[in-house]
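The structure under discussion appears below in the form of structure tokens.
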């Protein structure tokens, strides 16, 4: 929806090229797919209500298709036949346009909100799972930020399943939990408090208290859940599940410490994505002067099963136009180098043509941009 003149177009291409080069350094191979997907494909593993934001049309046979709103379902569709014939690990990257329907002219902006058309450069890592893999994904994301020379950024991490289980374990009905998660996805904390406080239960903590509990939980502390919150689970089985999620988060936090990734990273377990297929770690990266995430992603272990090829998977994407806004003050010259003080790049893996392992070695001091 916005034109780019030569200097801007070159700027965008440069951002795309540097991010793709970062991914390829780590053994990820580039793929591409068509702009249209069948709506049935896009709806696999997600709520039907999410289709309201898609640009939909009918093909010549009357089937509903949509301009892709993101890349992950398309990558899952492409990968499923390969996974069904072998248990191979897939590392793919992409640079593609994505599209959303909007009735709000303000949302046409790339800098804040969701633009009608934007560019995503990202990765999907299918096959491996565990805290170390998730930490390595965040390592690669931070490395890309360093390669671009972005200095003022903050990474916020959460877990897609933790808050819903936590709220349900306190005795809140599942339908109400769904409403609460929708308010968190919109950042509507006033609505969250109102819904909780309207519940007719004397044993239920207030909405303010529940938000405070979720906000103060920090896996980097290494403490047990009972040490951080004083709450009695009204659903003991769900309470056990919450505690298991917490133990996994603490283990993940230990990996982040080991890889020196906590300098610009915080946990906020109220952070919720508006895409329902996420199952584990989710994260967003915010940059100075940009009102929406410049990078975001997470784990989606159940999505491939909806394509007939069960496999764990994790991925993330950079929002290129938002990144361009964040980088507007960066001098793009061949001599520009990323600061090692404000960013911590990962040492790239080189010399392996395919499926090179992502290194967990100490970050480099300087990396030429």
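Glycine is treated like the rest: Cβ placed from N, Cα and C.
According to TrEMBL, the protein carries these features:
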DOMAIN    1-322  domain 'Class II Histidinyl-tRNA synthetase (HisRS)-like catalytic core'
BINDING   70, 71, 72, 120, 124, 273, 277, 278  L-histidine binding site
COMPBIAS  336-346  compositional bias 'Polar residues'
REGION    336-369  region 'Disordered'
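Site extent for L-histidine: among the recorded binding residues 70, 71, 72, 120, 124, 273, 277, 278, the largest C-alpha separation is 19 Å.
In three-state terms derived from DSSP, residue 277 (L-histidine binding site) belongs to neither a helical nor a strand segment and is classed as coil.
In this structure, the binding-site residues under consideration are 72, 120, and the one with the smallest number of other Cβ atoms within 10 Å of its Cβ is 120. Cβ neighbour counts within 10 Å, taken over all protein chains shown, single out 124 as the most crowded of the binding-site residues 70, 124. Across the domain 'Class II Histidinyl-tRNA synthetase (HisRS)-like catalytic core' (1-322), mean pLDDT in this model comes to 91. Every protein chain shown contributes to the tally, and the Cβ of residue 277 (L-histidine binding site) ends up with 23 other Cβ atoms within 10 Å. A strand conformation is recorded for residue 124 (L-histidine binding site) in the three-state DSSP classification. Residue 278 (L-histidine binding site): 25 other CB atoms within 10 A of its CB, across all protein chains. Cβ-based crowding with a 10 Å cutoff singles out 71 as the top-ranked of the binding-site residues 71, 273.
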